[in-house]
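Beneath this line is the structure, given in structure tokens, with notes to follow.
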Amino acid sequence: MKRVHVLVAGRVQGVWYRASAARKASELGLTGWVRNLPDGRVELVAEGDAESVDALLAWCRRGPPLARVTGLDVREMAVTGEFTEFAVLRDV
């Protein structure tokens, strides 16, 4: 199991990044959340098997078709098992 905290920079708001990330994470069987930040970045926490988390990170580097990802800050965290689904949260 693996858990990551990710900050995605670039043109990632207003391009369906959150919805697309949530869909991809759910397809991969991951739990966690994604939300927009006031500074224009997207923040997400994902938890699940390591291979699926790595697949989501690879997707995050590209994002949906209209996104232009310029940076990805990834930090591994302790697995907690606190989530039951992957959710899109309200903006901060």
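Cβ atoms here come from the backbone N, Cα and C positions, even for glycine.
The active site annotation in Swiss-Prot covers R18, N36. If you look up Swiss-Prot, you'll see 3-90 marked as domain 'Acylphosphatase-like', on the strength of sequence analysis.
Secondary structure by DSSP for the domain 'Acylphosphatase-like' (3-90): 24 helix, 35 strand, 29 coil.
If you average pLDDT over the domain 'Acylphosphatase-like' (3-90) in this model, you get 98. Taking the C-alpha positions, the distance from R18 (active site) to N36 (active site) comes to 8 Å. Close to N36 (active site) in the fold, though at least 6 residues off in sequence, lie Q13, R18, V42, E43, D91, V92, each with a CB less than 8 Å from its CB. Within 10 Å of the C-beta of R18 (active site) there are 23 other C-beta atoms, taking all protein chains into account.
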